[in-house]
């Protein structure tokens with residue numbers, strides 16, 4: 001797995017306010033844990049620890065809604 005911003009299908013991050021929301025999102029996707037990274041590169045976004053390789057992560061480039 002890898003530590004990364006978990007991405008939606010459009011390469012957009014999951015915006016957040018609470019660590020609990022991200023921890024739930026990340027662990028549901030197979031990560032060991034997650035938290036809300038405040039004021040990061042993509043604003044307030046969920047960061048996952050040890051996310052499985054088959055789960056999309058935010059990569060450079062635009063987020064397409």
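In case you wondered, yes, glycine gets a Cβ from its N, Cα and C as well.
Features of the protein shown, as given by Swiss-Prot:
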type	residues	note
DOMAIN	2-64	domain 'LCN-type CS-alpha/beta'
DISULFID	12-63	disulfide bond
DISULFID	16-36	disulfide bond
DISULFID	22-46	disulfide bond
DISULFID	26-48	disulfide bond
MOD_RES	65	phenylalanine amide
Please report how many Å separate the Cα atom of residue 63 (disulfide bond) from that of residue 46 (disulfide bond), as a whole number.
15
Translate the DSSP assignment of residue 16 (disulfide bond) into the three-state scheme.
coil
Tell me, by DSSP, whether residue 26 (disulfide bond) is helix, strand or coil?
helix
List nothing but the one residue from 12, 16, 48 whose Cβ has the fewest other Cβ atoms within 10 Å; the candidates are the disulfide-bonded residues.
12
Counting across all protein chains shown, how many other Cβ atoms sit within 10 Å of the Cβ of residue 26 (disulfide bond)?
24
Just name the most isolated of the disulfide-bonded residues 22, 36, going by other Cβ atoms within 10 Å of its Cβ.
36
Kindly report the helix/strand/coil residue split of the domain 'LCN-type CS-alpha/beta' (2-64) according to DSSP, in that order.
10 helix, 26 strand, 27 coil
Can you tell me which disulfide-bonded residues out of 12, 16, 26, 36 are within 10 A of residue 46 (disulfide bond) by Cα, answering none if there aren't any?
16, 26, 36
Say we define neighbours as other CB atoms within 10 Å of the CB. Which of the disulfide-bonded residues 46, 63 has the fewest?
63
Just to verify a number: CA distance, residue 48 (disulfide bond) to residue 12 (disulfide bond), in angstrom, no decimals.
14
Distance from residue 22 (disulfide bond) back to residue 12 (disulfide bond), taken between C-alpha atoms, in Å:
14
PLDDT averaged over the residues of the domain 'LCN-type CS-alpha/beta' (2-64):
97
